[in-house]
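Peer 1: Before we start, here is the structure in question, set down as C-alpha coordinates.
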(Lines of atoms letter the chains of each structure in order from A and count residues from 1; the text may use other names and numbers.)
(Lines give C-alpha, C1' and ligand atoms only; values in the text may rest on other atoms or scores of the structure.)
Protein backbone atom coordinates (compact mmCIF):
# COMPACT_ATOMS: atom_id res chain seq x y z
CA UNK A 1 0.00 0.00 0.00
CA UNK A 2 2.84 2.43 0.67
CA UNK A 3 3.85 2.39 -2.98
CA UNK A 4 0.26 2.39 -4.24
CA UNK A 5 -0.46 5.58 -2.32
CA UNK A 6 2.79 7.30 -3.31
CA UNK A 7 1.72 9.02 -6.56
CA UNK A 8 5.18 10.35 -7.38
CA UNK A 9 6.54 6.80 -7.70
CA UNK A 10 4.27 6.10 -10.67
CA UNK A 11 5.22 9.05 -12.89
CA UNK A 12 7.47 7.75 -15.71
CA UNK A 13 8.65 11.16 -16.92
CA UNK A 14 10.67 12.06 -13.79
CA UNK A 15 11.97 10.54 -10.59
CA UNK A 16 9.86 10.62 -7.45
CA UNK A 17 11.41 13.73 -5.88
CA UNK A 18 11.87 15.50 -9.20
CA UNK A 19 8.22 15.18 -10.25
CA UNK A 20 7.05 16.69 -6.96
CA UNK A 21 9.54 19.55 -7.30
CA UNK A 22 8.43 20.13 -10.90
CA UNK A 23 4.79 20.16 -9.79
CA UNK A 24 5.43 22.75 -7.10
CA UNK A 25 7.34 24.91 -9.56
CA UNK A 26 4.67 24.60 -12.27
CA UNK A 27 1.74 25.48 -10.02
CA UNK A 28 3.56 28.33 -8.25
CA UNK A 29 4.78 29.85 -11.51
CA UNK A 30 1.36 29.42 -13.08
CA UNK A 31 -0.26 31.18 -10.15
CA UNK A 32 2.15 34.11 -10.43
CA UNK A 33 1.24 34.43 -14.11
CA UNK A 34 -2.45 34.24 -13.27
CA UNK A 35 -2.20 37.01 -10.70
CA UNK A 36 -0.45 39.22 -13.24
CA UNK A 37 -3.02 38.36 -15.93
CA UNK A 38 -6.38 38.49 -14.17
CA UNK A 39 -8.34 40.92 -12.06
CA UNK A 40 -8.14 39.46 -8.55
CA UNK A 41 -9.45 39.70 -5.02
CA UNK A 42 -6.87 37.92 -2.91
CA UNK A 43 -7.01 36.64 0.68
CA UNK A 44 -10.78 37.11 0.99
CA UNK A 45 -11.82 35.69 4.39
CA UNK A 46 -14.69 33.20 4.52
CA UNK A 47 -14.14 32.53 8.25
CA UNK A 48 -12.15 33.68 11.25
CA UNK A 49 -9.20 31.32 10.81
CA UNK A 50 -5.91 32.52 9.31
CA UNK A 51 -6.09 29.91 6.53
CA UNK A 52 -9.80 30.43 5.89
CA UNK A 53 -9.28 32.63 2.87
CA UNK A 54 -10.09 32.60 -0.83
CA UNK A 55 -8.26 33.92 -3.88
CA UNK A 56 -10.78 35.09 -6.49
CA UNK A 57 -9.81 35.50 -10.14
CA UNK A 58 -12.52 37.39 -12.01
CA UNK A 59 -13.56 37.04 -15.65
CA UNK A 60 -12.19 39.45 -18.21
CA UNK A 61 -15.71 40.73 -18.91
CA UNK A 62 -17.76 41.60 -15.85
CA UNK A 63 -20.84 43.02 -17.55
CA UNK A 64 -22.92 39.87 -17.08
CA UNK A 65 -23.48 37.02 -14.63
CA UNK A 66 -20.75 34.39 -14.73
CA UNK A 67 -20.17 30.85 -13.48
CA UNK A 68 -17.79 30.35 -10.56
CA UNK A 69 -15.30 27.47 -10.56
CA UNK A 70 -14.15 26.58 -7.05
CA UNK A 71 -10.73 24.88 -7.05
CA UNK A 72 -9.70 22.75 -4.06
CA UNK A 73 -6.00 21.94 -3.99
CA UNK A 74 -4.37 18.63 -3.23
CA UNK A 75 -1.22 17.90 -1.25
CA UNK A 76 -2.39 14.82 0.68
CA UNK A 77 -4.21 17.07 3.18
CA UNK A 78 -0.86 18.22 4.56
CA UNK A 79 0.81 20.52 2.04
CA UNK A 80 0.14 23.08 -0.70
CA UNK A 81 -2.23 26.03 -0.31
CA UNK A 82 -4.26 28.52 -2.28
CA UNK A 83 -0.98 30.35 -2.98
CA UNK A 84 -0.16 27.75 -5.67
CA UNK A 85 -3.74 27.18 -6.81
CA UNK A 86 -4.49 29.96 -9.29
CA UNK A 87 -2.59 28.49 -12.24
CA UNK A 88 -5.77 27.55 -14.15
CA UNK A 89 -7.17 31.09 -14.06
CA UNK A 90 -5.97 32.59 -17.39
CA UNK A 91 -7.87 30.26 -19.77
CA UNK A 92 -10.90 30.28 -17.46
CA UNK A 93 -11.29 34.03 -16.99
CA UNK A 94 -10.87 34.40 -20.76
CA UNK A 95 -13.87 32.10 -21.12
CA UNK A 96 -15.95 34.21 -18.74
CA UNK A 97 -15.52 31.88 -15.75
CA UNK A 98 -14.35 33.08 -12.33
CA UNK A 99 -11.84 30.89 -10.51
CA UNK A 100 -11.81 30.72 -6.72
CA UNK A 101 -8.90 28.97 -4.97
CA UNK A 102 -9.87 27.73 -1.51
CA UNK A 103 -7.52 27.88 1.46
CA UNK A 104 -7.95 25.50 4.37
CA UNK A 105 -5.89 24.27 7.31
CA UNK A 106 -3.80 21.23 6.49
CA UNK A 107 -2.33 18.57 8.78
CA UNK A 108 -0.39 17.73 10.87
CA UNK A 109 -2.95 18.05 13.60
CA UNK A 110 -5.36 15.13 13.64
CA UNK A 111 -6.61 15.86 17.12
CA UNK A 112 -9.67 17.05 18.97
CA UNK A 113 -9.54 20.39 20.78
CA UNK A 114 -10.41 20.23 24.50
CA UNK A 115 -13.44 22.20 25.61
CA UNK A 116 -12.45 25.77 26.37
CA UNK A 117 -9.72 25.68 23.70
CA UNK A 118 -11.90 25.45 20.62
CA UNK A 119 -10.76 27.70 17.78
CA UNK A 120 -13.39 30.36 17.07
CA UNK A 121 -13.49 29.55 13.36
CA UNK A 122 -14.93 26.11 14.12
CA UNK A 123 -17.47 26.97 16.82
CA UNK A 124 -20.12 25.74 16.69
CA UNK A 125 -19.67 22.47 14.85
CA UNK A 126 -22.61 21.05 12.90
CA UNK A 127 -24.86 18.91 15.10
CA UNK A 128 -23.66 15.78 13.30
CA UNK A 129 -20.35 16.14 15.16
CA UNK A 130 -20.28 15.66 18.91
CA UNK A 131 -16.90 17.39 19.25
CA UNK A 132 -14.98 20.25 17.69
CA UNK A 133 -11.95 19.24 15.61
CA UNK A 134 -8.78 21.31 15.66
CA UNK A 135 -7.64 22.93 12.40
CA UNK A 136 -5.89 20.28 10.31
CA UNK A 137 -8.14 17.47 11.53
CA UNK A 138 -9.88 15.71 8.64
CA UNK A 139 -13.33 16.72 9.91
CA UNK A 140 -12.16 20.34 10.12
CA UNK A 141 -10.92 20.38 6.52
CA UNK A 142 -14.25 19.06 5.29
CA UNK A 143 -16.13 21.66 7.33
CA UNK A 144 -13.94 24.48 6.05
CA UNK A 145 -14.47 23.60 2.41
CA UNK A 146 -18.22 23.31 2.95
CA UNK A 147 -18.31 26.71 4.64
CA UNK A 148 -16.33 28.24 1.79
CA UNK A 149 -19.12 27.14 -0.57
CA UNK A 150 -21.74 28.74 1.68
CA UNK A 151 -19.74 31.98 1.66
CA UNK A 152 -19.42 31.95 -2.14
CA UNK A 153 -23.13 31.28 -2.59
CA UNK A 154 -23.79 34.40 -0.52
CA UNK A 155 -21.10 36.50 -2.23
CA UNK A 156 -22.21 35.62 -5.76
CA UNK A 157 -25.99 35.18 -5.48
CA UNK A 158 -26.53 36.13 -9.12
CA UNK A 159 -23.88 33.84 -10.59
CA UNK A 160 -24.53 31.19 -13.20
CA UNK A 161 -23.86 28.53 -10.61
CA UNK A 162 -20.94 27.09 -8.68
CA UNK A 163 -18.73 24.38 -10.15
CA UNK A 164 -16.27 22.32 -8.14
CA UNK A 165 -12.87 21.07 -9.22
CA UNK A 166 -10.61 19.18 -6.84
CA UNK A 167 -7.32 17.40 -7.38
CA UNK A 168 -6.06 14.44 -5.32
CA UNK A 169 -6.90 15.27 -1.68
CA UNK A 170 -8.88 18.20 -3.07
CA UNK A 171 -10.98 15.77 -5.13
CA UNK A 172 -11.76 13.95 -1.88
CA UNK A 173 -12.86 17.23 -0.26
CA UNK A 174 -14.96 18.18 -3.29
CA UNK A 175 -16.63 14.76 -3.18
CA UNK A 176 -17.41 15.32 0.51
CA UNK A 177 -19.14 18.58 -0.49
CA UNK A 178 -21.48 16.51 -2.67
CA UNK A 179 -22.43 14.49 0.42
CA UNK A 180 -23.30 17.58 2.49
CA UNK A 181 -26.62 17.87 4.28
CA UNK A 182 -27.18 21.55 3.55
CA UNK A 183 -29.99 21.78 6.10
CA UNK A 184 -27.21 22.33 8.64
CA UNK A 185 -26.28 25.58 6.90
CA UNK A 186 -28.04 28.84 6.08
CA UNK A 187 -27.68 28.44 2.33
CA UNK A 188 -27.93 25.69 -0.25
CA UNK A 189 -25.17 26.43 -2.80
CA UNK A 190 -26.22 26.12 -6.43
CA UNK A 191 -23.62 23.51 -7.41
CA UNK A 192 -24.14 22.64 -11.07
CA UNK A 193 -21.11 20.52 -11.87
CA UNK A 194 -18.11 18.81 -10.29
CA UNK A 195 -14.80 17.62 -11.74
CA UNK A 196 -12.88 15.19 -9.54
CA UNK A 197 -9.29 14.66 -10.66
CA UNK A 198 -7.16 11.72 -9.43
CA UNK A 199 -8.86 11.57 -6.06
CA UNK A 200 -9.06 9.29 -3.03
CA UNK A 201 -12.65 8.45 -2.09
CA UNK A 202 -12.21 5.66 0.47
CA UNK A 203 -9.82 6.70 3.25
CA UNK A 204 -9.54 3.29 4.91
CA UNK A 205 -6.40 2.27 2.96
CA UNK A 206 -4.77 5.56 3.96
CA UNK A 207 -4.86 4.42 7.59
CA UNK A 208 -2.23 1.80 6.76
CA UNK A 209 0.22 4.15 5.01
CA UNK A 210 2.74 6.86 5.87
CA UNK A 211 0.12 9.47 4.92
CA UNK A 212 -1.78 8.90 8.15
CA UNK A 213 1.27 9.70 10.27
CA UNK A 214 0.45 13.39 9.75
CA UNK A 215 -3.32 13.02 9.57
CA UNK A 216 -3.74 10.91 12.70
CA UNK A 217 -7.07 9.53 11.54
CA UNK A 218 -8.91 6.86 13.47
CA UNK A 219 -11.01 4.22 11.74
CA UNK A 220 -14.13 6.18 12.69
CA UNK A 221 -12.81 9.44 11.24
CA UNK A 222 -11.75 7.71 8.02
CA UNK A 223 -15.14 6.08 7.57
CA UNK A 224 -17.07 9.26 8.33
CA UNK A 225 -15.03 11.19 5.77
CA UNK A 226 -14.97 8.62 2.96
CA UNK A 227 -17.15 9.85 0.08
CA UNK A 228 -17.42 6.29 -1.21
CA UNK A 229 -19.14 5.29 2.05
CA UNK A 230 -21.62 8.18 2.16
CA UNK A 231 -22.86 8.58 -1.41
CA UNK A 232 -26.25 10.31 -1.22
CA UNK A 233 -29.08 9.43 -3.56
CA UNK A 234 -29.15 11.90 -6.40
CA UNK A 235 -31.75 14.62 -6.01
CA UNK A 236 -33.71 15.90 -9.04
CA UNK A 237 -31.35 18.87 -9.37
CA UNK A 238 -28.09 17.04 -8.53
CA UNK A 239 -25.10 18.26 -10.47
CA UNK A 240 -23.25 16.33 -13.13
CA UNK A 241 -19.96 14.77 -12.10
CA UNK A 242 -16.85 14.10 -14.16
CA UNK A 243 -14.33 11.72 -12.57
CA UNK A 244 -10.93 12.00 -14.24
CA UNK A 245 -7.92 9.77 -13.66
CA UNK A 246 -4.47 9.56 -15.25
CA UNK A 247 -3.03 6.60 -17.11
CA UNK A 248 0.01 6.80 -14.83
CA UNK A 249 -1.87 7.10 -11.58
CA UNK A 250 -1.25 4.02 -9.44
CA UNK A 251 -3.60 1.02 -9.76
CA UNK A 252 -5.12 1.95 -6.39
CA UNK A 253 -5.85 5.53 -7.44
CA UNK A 254 -7.34 4.25 -10.68
CA UNK A 255 -9.46 1.69 -8.81
CA UNK A 256 -10.74 4.32 -6.42
CA UNK A 257 -11.80 6.60 -9.29
CA UNK A 258 -13.52 3.79 -11.17
CA UNK A 259 -15.36 2.47 -8.11
CA UNK A 260 -16.46 5.90 -6.94
CA UNK A 261 -17.84 6.71 -10.38
CA UNK A 262 -19.75 3.42 -10.26
CA UNK A 263 -21.09 4.20 -6.77
CA UNK A 264 -22.32 7.62 -7.86
CA UNK A 265 -23.97 6.14 -10.94
CA UNK A 266 -25.66 3.46 -8.83
CA UNK A 267 -27.08 6.23 -6.62
CA UNK A 268 -28.61 7.95 -9.63
CA UNK A 269 -26.00 10.63 -10.34
CA UNK A 270 -25.08 11.62 -13.89
CA UNK A 271 -21.42 10.60 -14.06
CA UNK A 272 -18.71 10.44 -16.70
CA UNK A 273 -15.35 8.71 -16.21
CA UNK A 274 -12.43 10.12 -18.16
CA UNK A 275 -9.18 8.12 -18.36
CA UNK A 276 -6.46 10.44 -19.66
CA UNK A 277 -3.70 8.69 -21.60
CA UNK A 278 -0.06 9.64 -21.21
CA UNK A 279 -0.55 11.70 -18.06
CA UNK A 280 0.45 11.18 -14.43
CA UNK A 281 -0.94 12.28 -11.08
CA UNK A 282 0.65 15.71 -11.40
CA UNK A 283 0.48 16.89 -15.01
CA UNK A 284 -3.18 15.81 -15.19
CA UNK A 285 -3.95 18.95 -13.17
CA UNK A 286 -1.01 21.17 -14.19
CA UNK A 287 -2.33 21.21 -17.75
CA UNK A 288 -5.42 23.14 -16.65
CA UNK A 289 -3.30 26.20 -17.41
CA UNK A 290 -3.36 25.24 -21.12
CA UNK A 291 -6.07 26.56 -23.45
CA UNK A 292 -6.44 23.35 -25.47
CA UNK A 293 -6.30 20.79 -22.67
CA UNK A 294 -9.31 18.48 -22.56
CA UNK A 295 -10.22 19.40 -18.97
CA UNK A 296 -9.86 23.11 -19.72
CA UNK A 297 -12.26 22.71 -22.61
CA UNK A 298 -14.84 21.18 -20.27
CA UNK A 299 -15.54 24.71 -19.07
CA UNK A 300 -16.51 25.81 -22.59
CA UNK A 301 -19.81 24.03 -21.92
CA UNK A 302 -20.62 26.15 -18.89
CA UNK A 303 -23.07 27.13 -17.59
CA UNK A 304 -25.14 24.38 -19.15
CA UNK A 305 -23.65 20.98 -18.41
CA UNK A 306 -20.29 19.28 -18.06
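Including glycine, each Cβ sits where the backbone N, Cα and C put it.
Nobody curates TrEMBL annotations by hand; they come from automatic prediction.
Reproduced below are the annotations present in TrEMBL:
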DOMAIN    54-107  domain 'BD-FAE-like'
DOMAIN    161-281  domain 'Alpha/beta hydrolase fold-3'
Peer 1: Mind checking how the domain 'Alpha/beta hydrolase fold-3' (161-281) divides into helix, strand and coil residues in DSSP?
Peer 2: 48 helix, 26 strand, 47 coil
Peer 1: Along the domain 'BD-FAE-like' (54-107), what average pLDDT does this model show?
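Peer 2: A mean pLDDT of 95 is what the model gives the domain 'BD-FAE-like' (54-107).
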